[in-house]
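In what follows, a structure is listed as structure tokens, so that the remarks can point back to it.
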Amino acid sequence: MFHWKIRISHALHCSLSFFFFINPRPIRKRRRPHTSPPSLYLFRPQPSIYQPKAKMGCDRWVMLVIPIIYALSNVSGELKRFEQPSKGDGSLSFLVIGDWGRRGAFNQSQVAFQMGKMGEKLDIDFVVSTGDNFYDNGLRSVHDPAFEESFTNIYTANSLHKQLYSVLGNHDYRGDAEAQLSPLLTKIDTRWLCLRSFIVNAELAEIIFVDTTPFVKSYFQDPEDHIYDWRGINPCKHYIANLLKCALRESNAKWKIVVGHHAIKSVGHHGDTKEPATHLLPILKANNVDFYMNGHDHCLEHISDTESPIQFLTSGAGSKAWRGDVKQLNREGLKFFYDGQGFMSVQLTQSNAEIAFYDVDGKILHRWNAFKQFGDHSSI
């Protein structure tokens, strides 16, 4: 047996290596099962780690040490970065919506109408989507009429004709996930910008969008009757955490915000999502992140972390909500919970952040302020 040893570091110097055995004979492509990470489909895992009972002739295999490059990055391993100017006075305002795309049903149109009114009042700079953009099973292709029927034809107010930055949710992966990432959709509606993970540099704030769906083991191990589009995906949470850590460490922004689909802390239907809570939360704490914003639970909520200044903000009430589906209302740190439809607004200045939640009638349900004092940490 002989070995090839290759070690590659991407541009952020955050490498992660895994061991594989590769057959040096001509590789025959085979059909990929939906439960296996697609990027492994030309690779056979080492028996001692993945297949302890399997037998393999060592003379036929070559061992490599390679980093798995997650699809959220480009070839250099860096997250794509987009520049978003703030207002002339240096302030920034935006709306946050999640779990919305139902062709206007389940009060989606009413929520969109109120977003338009509030967007005009706050003179918003952009809109953030926390994922689950198209129900029930994402888009079928870039030509799926659901894109215009659930997005373009719903969010029609002049104030909402601003850039929309979006991540994917688990429902988006049940269709053609790559369709939502396609620049062809931007030609249909120039507001649309959706990538797996990326950074928005908004001068006053840095917003890091993280694709959390591949974190969740159950989507791979027990997909039930769902078929997920895992093209280009590795469920490599450690790599994502490393990449996020590097991106945050390099940030000098006044406000640090991370957006993902899955909740780290929630009292809604799904509750805490174990994998992001285990692998991302320590990174957020170590890098003084101010806000983690998510969807997934179809509600509005605000939970303050009991061990750090991080605020967990759920905005997943863009259409269908789950009335009465709640757990642990006496949870420590819970500031606000609402099990109806609505959205969230964020207003930032150098010294102040104001978060507000609105219902389907535009009524303010909860308002909260954080202040930046001498350091980078926020205080209530």
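In case you wondered, yes, glycine gets a Cβ from its N, Cα and C as well.
Remember, TrEMBL labels are computer predictions, not curated facts.
The structure displayed is predicted, hence computed values, not measured ones.
Taken verbatim from TrEMBL:
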- 93-299: domain 'Calcineurin-like phosphoesterase' (DOMAIN)
- ASP99, ASP132, TYR135, HIS298: Fe cation 1 binding site (BINDING)
- ASP132, ASN170, HIS261, HIS296: Fe cation 2 binding site (BINDING)
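Checking each of the binding-site residues ASP132, TYR135, HIS298 against ASN170 (Fe cation 2 binding site) by C-alpha distance, the shortest gap belongs to ASP132. Within 10 Å of the Cβ of HIS261 (Fe cation 2 binding site) there are 32 other Cβ atoms, across all protein chains. In sequence order, GLY98, ASP99, THR130, GLY131, ASP132, GLY169, ASN170, HIS261, HIS262, ALA263, SER266, HIS270, THR273, THR314, GLY316 are the residues near HIS296 (Fe cation 2 binding site), counting only same-chain partners six or more apart with C-beta under 8 A. Taking the mean position of the Cβ atoms of ASP99, ASP132, TYR135, HIS298 as the Fe cation 1 site, the remaining same-chain residues with a Cβ inside 8 Å of that point are GLY98, TRP100, GLY101, ARG102, GLY169, HIS171, GLY295, HIS296, GLY316, GLY318, SER319, LYS320.
Around HIS298 (Fe cation 1 binding site), the C-beta neighbours below 8 angstroms that are at least 6 residues distant in the chain are ASP99, GLY268, HIS269, GLY316, ALA317, LYS320, ALA321, TRP322. Those residues of the chain, other than ASP132, ASN170, HIS261, HIS296, with a C-beta within 8 angstroms of the mean position of the Fe cation 2 site C-beta atoms are GLY98, ASP99, THR130, GLY131, LEU168, GLY169, HIS171, ASP172, THR212, THR213, HIS262, GLY295, GLY316. Less than 8 angstroms from the CB of TYR135 (Fe cation 1 binding site) sit GLY101, ARG102, SER150, HIS171, SER319, LYS320, each of them six or more residues away in the same chain. Per-residue pLDDT, averaged across the domain 'Calcineurin-like phosphoesterase' (93-299), gives 93.
Using a 10 Å radius centred on the Cβ of ASP132 (Fe cation 1 binding site) and all shown protein chains, the other Cβ atoms total 29.
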